[in-house]
Amino acid sequence: MAALTEESLIKIRRHLHQIPELALKEIQTSAYLEKVIAGFDQTHLQVKKIADLPTAIMVRIAGSAPKRTLGYRTDIDALPVTEATGLPFASKHPGVMHACGHDIHMTVALGVLSYFAAHQPTDNMIFFFQPAEESENGGKLAYELGVFKDQWRPDEFYGLHDNPDLPAGAIGCRMGTLFAGTTEVNIDLEGKGGHAAYPQDANDMVVAAAALIEQVQTIISRSIDPIEGGVITLGKMEAGTIRNVIAGHAHIEGTIRGLTQVMIQHIDQRLKDVGEGIARSFNAKVTVGLNQGGYLPVENNLALTKRFIAYMKHNPDVNFVETEPAMTGEDFGYLLSKIPGTMFWLGVEDDSQLHSATLNPKEASIEAGVQAITGFMTARMAE
Ligand SMILES: CC(=O)N[C@@H](CCC[C@H](N)C(=O)O)C(=O)O
């Protein structure tokens, strides 16, 4: 059976785009991926499912004369964003969208897998279709479940993320830190609800939350070395039920970003300090929940990334771009802290940013990505 053509890859991508699912709920996505994989030449393929991570799929290809096992990972989840692209193949799942391009990631992975299913590689290969990149730490969950043991452990691991700022099909990468590490933030403020007309008898958590949100803005501007930088974004805030009831509870969710663990821990601490200050000044109970650990900075292995960049730079068919570190997070950072490897960007050229309701990656990037990756993997196996 031949490798997937560009036309079939685009059909697959459009189908995946219509069935986006949130972290750990990628049931239709996973079933569709399994169906596509079942259509490949199975001679050297082995498919493994993981009982405790049921939407994940692992595929192993046995090499003809293996010197090592090369790993390739794609994420498969989507975001709670209502699509506004107006595309004929827009999301059919209300309020959920592939707004981070994981439909492109999965399609590229299927293209590379179909190529090596049709052309047996010399090295062994592991393809990991990973749930829960946007939240829930899918990479860490899988690693801790022991899925990368024995013949399922890659010696080196590769993965990509799409990038609307790069030309379609371009490959972007850098030595060292590619992406930030993140801390997921959950803040709860508990006061006392009451009648809108009697604020003296209540303890208004809308006001306390507003003060907290404003003070948080001073952490990056006043406590962080501007040369190093960092980010706190509070992306969600919920409080109250109706205009004339004082809210006794507020909930805020956000994310902290830094390029080193030291920076992330420093920002985490400053956020806790602000939470304690707000608790005292508003006589409220403020719980600052910080989930740190799954989204480590993405550190590209120096030796492997040097090879990767050299291949991409010297291949006349690849438009290679040396990139700066980005404040996006990725739980592939956790996997790269356990298994050496390289993460890189695939340009998808769009005016809309990642996580935007109008993200519309250029589909020409898919075939270009498949060609660049199969070419690199083949060259790596010849070393
Ligand atoms: C590439 C990308 O957009 N990744 C996500 C990863 C989320 C990390 C974590 N759940 C958090 O929210 O901190 C990103 O938002 O950068």
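Every residue, even glycine, has its Cβ placed from backbone N, Cα and C.
If you look up TrEMBL, you'll see ASP75 marked as active site. Secondary structure at ASP75 (active site), as computed by DSSP, is strand. For ASP75 (active site), other Cβ atoms within 10 Å of its Cβ number 28.
GLU134 (active site, proton acceptor): 19 other CB atoms within 10 A of its CB, across all protein chains. The active site, proton acceptor annotation in TrEMBL covers GLU134.
Annotated Mn(2+) binding site per TrEMBL: CYS100, HIS102, GLU134, HIS161, HIS355, in sequence order. Spatially close to HIS355 (Mn(2+) binding site) yet at least six residues away along the chain are LEU79, VAL81, ALA99, CYS100, judged by Cβ distances under 8 angstroms.
The domain 'Peptidase M20 dimerisation' annotation in TrEMBL covers 181-273.
Taking H, G and I as helix, E and B as strand and the rest as coil, DSSP gives the domain 'Peptidase M20 dimerisation' (181-273) the counts 35 helix, 35 strand, 23 coil. Ligand 1 lies under 6 Å from the Cβ of CYS100, out of the recorded positions ASP75, CYS100, HIS102.
Under a cutoff of 8 A between CB atoms, and with a sequence separation of 6+ in the same chain, the neighbours of HIS161 (Mn(2+) binding site) are GLY101, HIS105, PHE179, THR328, GLU330, MET343, PHE344, TRP345, LEU346. In this view, CYS100 (Mn(2+) binding site) is surrounded by 24 other Cβ atoms within 10 Å of its Cβ, with every protein chain counted. Residue pair ASP75 (active site) / HIS102 (Mn(2+) binding site) shows a Cα separation of 6 Å. When the alpha carbons of GLU134 (active site, proton acceptor) and HIS102 (Mn(2+) binding site) are compared, the span between them is 10 angstrom. Apart from CYS100, HIS102, GLU134, HIS161, HIS355, the Mn(2+) site neighbourhood in this chain, defined by C-beta within 8 angstroms of the site C-beta centre, holds ASP75, ALA78, LEU79, HIS98, ALA99, GLY101, GLU133, LEU354.
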